[in-house]
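Going by Swiss-Prot, these are the annotated features:
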type	residues	note
ACT_SITE	CYS534	active site, S-palmitoyl cysteine intermediate
COMPBIAS	660-683	compositional bias 'Gly residues'
DOMAIN	504-554	domain 'DHHC'
CARBOHYD	ASN161	N-linked glycosylation site
CARBOHYD	ASN626	N-linked glycosylation site
CARBOHYD	ASN656	N-linked glycosylation site
REPEAT	159-188	repeat 'ANK 1'
REPEAT	193-222	repeat 'ANK 2'
REPEAT	260-289	repeat 'ANK 4'
REPEAT	293-322	repeat 'ANK 5'
TRANSMEM	385-405	transmembrane segment
TRANSMEM	421-440	transmembrane segment
TRANSMEM	446-469	transmembrane segment
TRANSMEM	548-568	transmembrane segment
TRANSMEM	597-617	transmembrane segment
Amino acid sequence: MIPTQTPPRQQMMNHNHQPQQIQQPQQIQPHQPQQQQPHQFRPLDENAEIPFLQIVTPNQMIKLPPMFQEQYKQLLNRWSNQCIKKSGLLYTQAVPYNQVLVLLEIAKNGDIQEYRDFIQVIIESNQNKDGDENEESIQQQQQQQQLTLKSIINLIDLEGNTSIHYAIMRKNKAMVSYLIDCGANLDIQNLEEGHTPLHWACIKADSSFVLQLVENGADIHLTDKRGYNALLHAAQYNEVNSVRYLIEKGLDPVQCKDIQLHTAVHWTSFQGHANMARYFISLGVDPNAQDIQGRTAFHWGCIKGHKQVVSMLCSFEGQDSIDKTIRDNDGKTAYQLAESKEHYEIIDYLDTKLKDDKLFGGNERLYHRFWTVMGVLTVLVPTWILCYVPVIFGLPLLAVGGYFLKNYLHLNYWVPERNNWLLPSILYSSVSIWYLIYLLRIAPLVMAINIFPNLIINATSWYFFYFFIRLTKEDPGTISKHISKEKSNENFMNALSSGRQIPLICPTCLINRPIRSKHCPSCKGCFARFDHHCVWINKCIGINNQALFITVLFSYVILVISGFIVTWDYFKSDSNAPILSESYIQSFLFYYTNYPFILLFSIYGIGMAIWIGKLAISQVLTILFNKTTYEQIQQIREFESRQGHGHSHGGDQQCNHSHGSGGGDHGHSHGGSSGSGSGSGSGDHGHSHGGQPSLPSSSGGSKKDSDKSFHNQQTNFDMYHRGVVNNVKEFLFDSQKFYFQTENIYADSRV
């Protein structure tokens, strides 16, 4: 079990308050007119405890009246002595603690010149002290002689934090650089948690500080009192760039465990970072590893109610698949823990997942064959009913029977996470059946009337048959075929060290994602210039197959138009047919009575052609205006989110700032406030990092993906539009860049 952590350093919280001024109230003499008296001050009683004192720096001090300055110095001395006494520690530093507090406050503020000046003040004030010729004074003088710039910047407060700890806490890069140049100890561990400056850099989720510290000699292998190394800290804060860098520098994520045997997957699952957990599993971290309580990452995802984490863990197959039957030391499975926490959404998901896994005995090929047959029957059965059953009975039968059959099949045989061949088989079989009707019934009668549309029908039919099948096999533009994991890591390190835009990584493919690319969980790959996943071909549409996709769409439209022409010629060849212009209803009833199959397929084809034609035009527009379908969807979601409240009401989103003693500037909260309890009875880790909250679970999150570590947070969706001609040229002749370009050169301006 992960123990409950104690509240963090009070000093780090208290430094955020404004200075307090203590003054003597005006005295009024009895039986005399009230007169305004000047402010008079008197010191607090020597035995009185100072509840709080804001540390004031020299630059702030000079703005105060002289009498305030004198009183503050007295209070600061008392405050420092009071802190030492309360801590119970033996203070042995050569510099008085009141000066240490001021020095660390200046480091927080990041004023390098003031920091330098105060170091000189410390040196001079300690050199000017006259000591007695006794043993104590001689020892003090020896300590004072050892005061150097390096020793001063490594002075610690009573929590063991140095100037560089606080400079990193405030993300002051100039101050951090100055302290490193002056010889700051980068491996010093504070007293409360054993955190090094590198640990705080990972906690603050800033890879630039991690790079700066490690390149200057910080030890990446040091662990704190709970066994967390830098990688485990960065993982809890969803800081993928720091994690990648530390792994490249030699930290093995498979071997990283804290003293409670929690792996990186345990912690990321507990915090709700689904993509980060996926990333570690892809790197080889065992998702079924058990901690000291016997719990896996799956247990913790169910305990905390993170549905995204639970569904992610359930999506792995093969050697990385999770064992849902593992029981913890209390004999409980993850499902039982979810029940005890009343996470009903997760319970429903796991019930559905269990049923899906048992479907067709787990045979996915049989699953696809079943839905392929269902697709063919979806075309044939309604047509047969309308042809051979009176309309008055056929239409109600189709409406009622179709409704119940659809819902039955969807509830019992449909798996949303899998590709499904129902829609592709409907489209392909309908064209195939109509073409057979054309060859057997229509063509022999109308070929001599007008040969041109018949030639078009045959050409477009075979074009559609061949390239439709090819589309289901065609590579949409898999990025991993063009760039390796090793090259991705090299490019990442170069970008991080040079200060360029850091490329995003796919947590599944483990490669850098170029701009406008996306990972598709159904197709299991990252694709360049991702447009959308098409359920009619069970394949993603990307830069490599979009042109072919558009031609297949237009071939279908042309096929339907040509088919309608020859079908109309076929109807007119019947000498018994009524004249259409005289009675549309009578003509329709005549053709429905005598040629029901052909008429129904013609109506179906026209309806499909209208929809597919609209899709084809929209695909052309994505090229002309250089905005993919996925980007259009994201733009709509962004617009919808801006139309909402724009703030949280506390239920769905976690707070983005910390409250009380658990936060302060450090943003590192220890204790049960973010969990539902602590101790063995609660079932929670009892440890959270409150500065940057975990992502909202799927039950409460918005549609827009909020995981900034793995997804672009794009707001300008027109940035790629450079004119129609340039857009077409880019699509046709400059498509290779979509496999490699990770920096968005259009982010700031349109070219």
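Cβ coordinates are placed from backbone N, Cα and C, and glycine is handled just like the others.
For the repeat 'ANK 1' (159-188), the model's pLDDT averages out at 95. Beyond the repeat 'ANK 2' (193-222), the same-chain residues lying 6 or more positions past its ends with a Cβ under 8 Å from any Cβ of the stretch are 5, 162, 164-165, 168-169, 171, 173, 176-177, 180, 184, 186-187, 228-231, 233-234, 237-239, 241-242, 245-246, 249-251, 496-497, 499, 502, 666-668, 670, 689, 691-692. Scored on C-beta pairs under 8 angstroms, the neighbour of the transmembrane segment (548-568) with the top count among 385-405, 446-469, 597-617 is 446-469.
Counting same-chain residues at least six beyond the ends of the transmembrane segment (446-469), those with a Cβ under 8 angstroms from any Cβ of the stretch are 427-428, 431-432, 435, 438, 537, 548, 551-552, 555-556, 558-559, 562-563, 565-566, 569-570, 573. For ASN161 (N-linked glycosylation site), the Cβ neighbour count at a 10 Å cut-off comes to 25, with all displayed protein chains included. ASN161 (N-linked glycosylation site) sits 52 Å from ASN626 (N-linked glycosylation site), taking the CA atoms of both as reference points.
Taking a C-beta cut-off of under 8 angstroms and a sequence separation of 6 or more, CYS534 (active site, S-palmitoyl cysteine intermediate) has the following same-chain neighbours: CYS540, ILE541, PHE549.
If you take the C-beta of ASN626 (N-linked glycosylation site) and look for same-chain residues 6 or more apart in sequence within under 8 angstroms, you find TYR720, HIS721, ARG722, ASN727, GLU730, PHE731.
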